[in-house]
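Participant: Among the features that TrEMBL reports, compositional bias 'Low complexity' is placed at 384-397. According to TrEMBL, the feature domain 'Potassium channel inwardly rectifying transmembrane' maps to 37-180. For 188-358, the entry in TrEMBL reads domain 'Inward rectifier potassium channel C-terminal'. Sequence annotations record features per position, and here TrEMBL assigns region 'Disordered' to 372-397. The transmembrane segment annotation in TrEMBL covers 73-94, 151-175.
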Amino acid sequence: MLARKSIIPEEYVLARIAAENLRKPRIRDRPRKARFIAKNGACNLAHKNIREQGRFLQDIFTTLVDLKWRHTLVIFTMSFLCSWLLFAMMWWLVAFAHGDMDPSTESTTNSTKWTPCVTCVRSFTSAFLFSIEVQVTIGFGGRMMTEECPLAITVLILQNIVGLIINAVMLGCIFMKTAQAHRRAETLIFSRQAVIAVRNGKLCFMFRVGDLRKSMIISASVRIQVVRKTTTPEGEVIPIHQVDIPVDNPIESNNIFLVAPLIICHIIDKRSPLYDISAADLALQDLELIVILEGVVETTGITTQARTSYIAEEILWGHRFVPIVTEEEGVYAVDYSKFGNTIKVAAPRCSARELDEKPSILIQTLQKSELSHQNSLRKRNSMRRNNSIRRSNSMRRTNTSLIVPKVQFITPEGNQSASET
């Protein structure tokens, strides 16, 4: 230990330890807040301790539509199988009560005029096949009902009515699951991150929305809500307090023409919940901005809704979205690879309230950004000049190296002859 202390000075050890502590700052991460709306639009909400489960059976059609596909297909298959088996048992009982199952009736059929209720129904298997033929309206011609038994006619009418009800409910359920409105919302996309920057002299909260399909969304409207935990002056804690914030739209109505990706803008003014939040306070805020896009699908006429949310970590202060719409050969082209790309721009780090109280902050910020831009241009020009000078010097060196010097050759006689190549 003494040898090591003598080799390494103590001042160097202290400086190295301090440098390592500076490189690895000890920061305690805040516990991650649960999102109310996920990025894909799903509601992050769990319903527990529901005592009145029977209410779901009162709206059986909506319950079937809301089920998962595997549960819906199992119910779809079992409903038909159970109905076929039930009426097969009824047809078998009718034939058994009438005596169609008795083997002696086969010998007496030719001698006397004995007519069965259903021809060719001699077992439960034949009764099951006849039940399928009746309910699915498939007549193979081997089994048929006669006018001998009025009870069989009643069973036939009852099975037709029940079969029509099952077909209507099950096929309607399958159709509604395949044509649900949220399927169309899968092609409505939002930018992964939102930005806060200066637009028209005001701090604005902005995000980008686009539609991947060519079929348009008619009467599309965008709503923004802020969800945060608040406490009233009376001490009541509201865990999910929703506040609507206005969207900047030059049109009087809130409808947008979503023919190409648009940047939706919210001006942070006195009505905005973000009015008192600065860039330093944004990371400490426990808030969530929910974006809701509603509209009517042009092809089906069904109202659809797409949702997403932005938390404080997903909001970039002092950034702006890059343009992605260009005109190429008379057609407007959209480059979706740059849909969520942003660039850093000059923006004051203060809140919108401080910016309204001191407008000179914005002017100073713009002047600083202009000076930094000019300095960067000067550095670029100087670097280009230095590079050009270095290239010219290197070219001169290469040219001089290509010149071959004069060489003198001495002959054996002692005469010198100079040759130049």
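The backbone N, Cα and C atoms fix where each Cβ goes, glycine too.
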Participant: Using DSSP, tally how many residues of the compositional bias 'Low complexity' (384-397) sit in helix, strand and coil.
Facilitator: 14 helix, 0 strand, 0 coil
Participant: Averaged over the domain 'Inward rectifier potassium channel C-terminal' (188-358), what pLDDT does the prediction give?
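Facilitator: It averages 85.
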Participant: So how many of the residues in the domain 'Potassium channel inwardly rectifying transmembrane' (37-180) end up helix, strand or coil by DSSP?
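Facilitator: Taking each residue of the domain 'Potassium channel inwardly rectifying transmembrane' (37-180) in turn, the totals are 91 helix, 4 strand, 49 coil.
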